[in-house]
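Visitor: Please read through the structure below; I'll follow up with questions.
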Number of protein chains: 2
Amino acid sequence: MKFTLQHTDQKTKARTGLLETDHGPIETPIFMPVGTAGTVKAVHQRELKEDINAQIILGNTYHLYLRPGLEVIQKAGGLHGFNSWDRPILTDSGGYQVYSLGDNRKITESGVRFKSHIDGSMHDFTPERVMDIQRVIGADIIMAFDECTPYPCDKKYAEDSMHMTHRWLKRCIQQFDTTDPLYGYSQTLFPIVQGSTYPDLRKQSAEFIAEQDREGNAIGGLSVGEPHEDMYAMTELVCDILPADKPRYLMGVGTPENILECIALGVDMFDCVMPTRNARNGMLFTSEGIINIKNEKWKEAYIPIDPALGGYVSTFYTRAYLRHLIMSKEILGAQICSIHNLSFYLWLVKEARVQIKAGNFDAWKTAMVKKVTTRL
Amino acid sequence: MKFTLQHTDQKTKARTGLLETDHGPIETPIFMPVGTAGTVKAVHQRELKEDINAQIILGNTYHLYLRPGLEVIQKAGGLHGFNSWDRPILTDSGGYQVYSLGDNRKITESGVRFKSHIDGSMHDFTPERVMDIQRVIGADIIMAFDECTPYPCDKKYAEDSMHMTHRWLKRCIQQFDTTDPLYGYSQTLFPIVQGSTYPDLRKQSAEFIAEQDREGNAIGGLSVGEPHEDMYAMTELVCDILPADKPRYLMGVGTPENILECIALGVDMFDCVMPTRNARNGMLFTSEGIINIKNEKWKEAYIPIDPALGGYVSTFYTRAYLRHLIMSKEILGAQICSIHNLSFYLWLVKEARVQIKAGNFDAWKTAMVKKVTTRL
C-alpha cells in the first residue's frame, strides 16, 4: 500500500491524498460505506460503483466470521471473491462488536470469549486469531484487535484498557508480520489509538501507535456517546501526533458535520452506519439539509430528492413518492434512501477534496456545516 | 388501444400479438410484474426496464386508494407521474383485495363496504366509484369491479355472484363510457369472466363478457386454490369463447408451468405476485429448475444464479453469496431474488413468443415444463 499526501490546506489541517492498494486507488478524504455482513444494506454492488462512487467498502470480522464463516469465504477466494466487489475493502477487527455484546462477552489479557448473537455458540478471539481471520477474509486494510471503551469510562479502566490494547497490538503485529496474504495481493495492518476522552491517555496512545510505524493509523473509541467537543478535541490531539505522511482513519464517525470538522483536523478516512441505518428509517442527508421524509410536508413534494447531487435516485424519484414508500414500509424506500445518503456522503468528501485543492476548504466548510445541520 | 394478432400456433392455441397503448407497445404473451402499492417490491424502476425488460406493470386500486390516496396521485398526474414509470400500467379493480379482506367487508348489490387494513377506517367501493378511482390512478388498462369467488364455492353462490358481477360490469361500462381520461392519454376497460369452476357458468359468463365487445377481456376467479386441472379446463373453455382478435388476460396466474400451459390455451397476459413474493423467501425460478437458495447444497456454490438468462444479477452474483444474504435476512438478498425471478418470467414469455413465431412452441413447451418443474 502506498499513500501520497497531495495537498495540505493552509487555514486548517485538512489534506488530500492518494492511497494505492492492489485493488485500486482511494482518494482521501474518503468515506467508506459499511458492508457489515459483506453487503452494504439494500445496495447493489453495481450501484455502489456507478451511482454512489464508493472507492472502498467495509466488512466486519465478527459478523463474517460467524456467518457465512471462514470456510465459505476462503473457498470463494476471500471476501472480494465472495461478494464480487473488486475495489478495496477494509475490515474492522471485531473489537467494536465485542464491546457491543455487553454481558455476552468476557475480556481477559488473552483475548475475548463471546457468545454468538446468532446461535449462542461460544467463540474466542485473540489478537493472533483475529489476524488469521482477517487474512482469510482478505481485506486490503485490516484492523488491529483492540478494546473499545464505552463512554463515560473511568480513568483507571481507560488506562488499563489502553495498555492492554497496546499489548494486543504488539501481538497483532507479530502475527501479521509473520504470516502471508492468502490471495496474491497485499494487506496492510492499521493500529488503533484508544484512551477514551482523557487527553494524557490519548497522547500516550497516539505516541505508542505512531512508534509502530505502520502504513496507516486509526483512531478508535470515539463516537460512542461523548459530546462532539470531546470527539473533536481528542481527534485533533491525536492527529497532531500521528505522522502526517500516513493516512488517518477515524473509526465510526459520523454525521456530515462531524466528517467536515474532522477533515479540518487532519482525518483522511471515515466510516459510519448512519447514512444507511438512518436511510432505512426515512432520514435523508441532502446538500441543503436534513429531511425526515415521513414529515407531512413532503406528501405532495413532486420534486427530486436532491437534484444538486446528480445520480439516478437523487434526481429520478420524487420526495412525494419516496415518502409514500417509507410510510408504506416498502423495501424500495430503504433502497432509495440508502443509495441517496451514501451518494451524499461520497459527494461531500469529493467536494471537500475539490475545496482543499482549490484552497477554499475553510470557507466552504463553514457554509456547508450550516447547510448539513439545517432541518428542512 | 390497438391489438394486432400476429402469429397463431398450429399445434396449440398459443398466439403472439402486439398491444399498443399511449405509453408504448406490449408484446404478447406477456407477464406483468405486480407493483401493488406503486412499487414492484425491492426493484428499482430502472431495473424493471433495463434488467427485467418489463413492458407493463400492475398497480392495485385498493392499495393506492388507501395509500397514498387519490389526491396525492392526481396532483402527481396519475400513477405514471407519481412513480415515474413511463411505460404502460394496468390496475386491478380491488375486487380481489376485497375478497381477501374476509370479515372486514360486506358485499351488497350496491357494492362493497370494507374496513381499511391500515387504519380500520370504513370505505365504500361501488362499480361507479371504482371506475372514477381508476380514472384518477390513470392506468392504461383498468379492470371492471367484480366479485372474486373463493374455492371451493357452492354453485348457488357462484351463480348469484356471477350475475352480480355482470350487473356491476354494466354499471362499470356505463360509468367508464361517460367519463374521460384525466391526463391526456387513453384508457381502456377490461371486463372479467367469473363462474368459479363450473363449466356452464364459465360458458355463460364468457359469452356475456364477449358480448360487451371491449378492447380486451380478462378471466378472474382462478388461481384461488383450485386444482391445476380445473384452472386449465376453465381457461380453455373461456378462451374458446372470448374473441380471438382481442387480448385475453388470465388474472393472478401463476407458476412458470401454469403460464406455459395457459399460453398454449390462448392466454396473452399474466400477472402474479409469486416471482417477487417467493423471491423474498429465497425461492428462485431458473431456466434449469427451481432453487431453494436456503438449501445447504448452495453454501459453496460459487456459480452464477442463472447464466443462461444473461442480465446483471443472474450472471454477477453467485448462489453461495445469495444464500448468505437470504440466510442473514439481508435486504440485498430480496432485491437480487426479485430481479432474478422477474427476469426469468419475462425471459420465459419472450422465449414463448420466439417459439410461437418459429412454429416450435409445442415441443419447446413440453421440454420447458419439465425443466421449470424440476427442483434443483
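Heads up, the Cβ atoms here are built off N, Cα and C, so glycines get one too.
Pasting the feature list from TrEMBL:
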type	residues	note
DOMAIN	B:12-371	domain 'tRNA-guanine(15) transglycosylase-like'
BINDING	B:ASP92, B:SER93, B:GLY94, B:GLY95, B:TYR96, B:ASP146, B:GLN194, B:GLY221	substrate binding site
ACT_SITE	B:ASP92	active site, proton acceptor
REGION	B:252-258	region 'RNA binding'
ACT_SITE	B:ASP271	active site, nucleophile
REGION	B:276-280	region 'RNA binding'
Visitor: Using the Cβ center of B:ASP92, B:SER93, B:GLY94, B:GLY95, B:TYR96, B:ASP146, B:GLN194, B:GLY221 as the substrate site position, which other residues in that chain lie within 8 Å, going by their Cβ?
Guide: B:VAL98, B:TYR99, B:MET143, B:ALA144, B:PHE145, B:GLU147, B:CYS148, B:ILE192, B:GLY220, B:MET251
Visitor: Would you mind reading off the Cα separation of B:GLY95 (substrate binding site) from B:ASP271 (active site, nucleophile), to the nearest angstrom?
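Guide: For B:GLY95 (substrate binding site) versus B:ASP271 (active site, nucleophile), the Cα atoms are 15 Å apart.
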Visitor: Give me the Cα-Cα distance between B:TYR96 (substrate binding site) and B:ASP271 (active site, nucleophile), rounded to a whole Å.
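Guide: It is 13 Å, counting Cα to Cα.
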Visitor: For B:ASP92 (substrate binding site), list the number of other Cβ atoms lying within 10 Å of its Cβ atom.
Guide: 31
Visitor: For the C-alpha pair, I'd like the distance in angstrom between B:GLY94 (substrate binding site) and B:ASP271 (active site, nucleophile), rounded off.
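Guide: The Cα atom of B:GLY94 (substrate binding site) is 15 Å away from the Cα atom of B:ASP271 (active site, nucleophile).
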Visitor: If you count Cβ atoms within 10 Å of the Cβ of B:GLY94 (substrate binding site), leaving out that atom itself, what do you get?
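Guide: Within a 10 Å radius of the Cβ of B:GLY94 (substrate binding site) lie 27 other Cβ atoms.
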Visitor: Taking the Cβ of B:SER93 (substrate binding site) as centre, how many other Cβ atoms lie within 10 Å?
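Guide: By my count, 29.
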Visitor: How far is it from B:GLY221 (substrate binding site) to the residue listed as 'active site, nucleophile', counting Cα to Cα, in Å?
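Guide: Answer for this pair: 13 Å between alpha carbons.
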Visitor: What's the number of neighbouring CB atoms sitting within 10 A of the CB on B:TYR96 (substrate binding site)?
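Guide: A 10 Å sphere around the Cβ of B:TYR96 (substrate binding site) contains 21 other Cβ atoms.
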Visitor: Within 10 Å of each Cβ, count the other Cβ atoms, then let me know which of the binding-site residues B:GLY95, B:GLY221 comes out lowest.
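Guide: Taking B:GLY95, B:GLY221 as the binding-site residues, the minimal 10 Å Cβ count falls on B:GLY95.
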Visitor: Got a sec? Which of these recorded positions, B:ASP146, B:ASP271, has the most Cβ atoms within 10 Å?
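Guide: Compared across B:ASP146, B:ASP271, the most Cβ atoms within 10 Å surround B:ASP146.
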Visitor: Calculate the distance in Å between the alpha carbons (Cα) of B:SER93 (substrate binding site) and B:ASP271 (active site, nucleophile), and round it to a whole number.
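Guide: Cα of B:SER93 (substrate binding site) to Cα of B:ASP271 (active site, nucleophile) measures 14 Å after rounding.
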Visitor: Looking only at B:ASP92, B:SER93, B:GLY94, B:GLY95, B:TYR96, B:ASP146, B:GLN194, B:GLY221, the residues listed as binding substrate, what is the longest Cα to Cα distance in Å?
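Guide: Those residues reach a largest Cα separation of 15 Å.
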Visitor: Rank aside, I only need the closest one: which of the binding-site residues B:ASP92, B:ASP146, B:GLN194 has its C-alpha nearest to that of the residue listed as 'active site, nucleophile'?
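Guide: Going through B:ASP92, B:ASP146, B:GLN194 one by one, the closest to the residue listed as 'active site, nucleophile' is B:ASP92.
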Visitor: Limited to the region 'RNA binding' (B:252-258), I'd like the whole-number average of pLDDT.
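Guide: So the average pLDDT across the region 'RNA binding' (B:252-258) works out to 97.
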Visitor: With DSSP assignments reduced to helix, strand and coil, which class does B:GLY95 (substrate binding site) get?
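Guide: SS state of B:GLY95 (substrate binding site) = helix.
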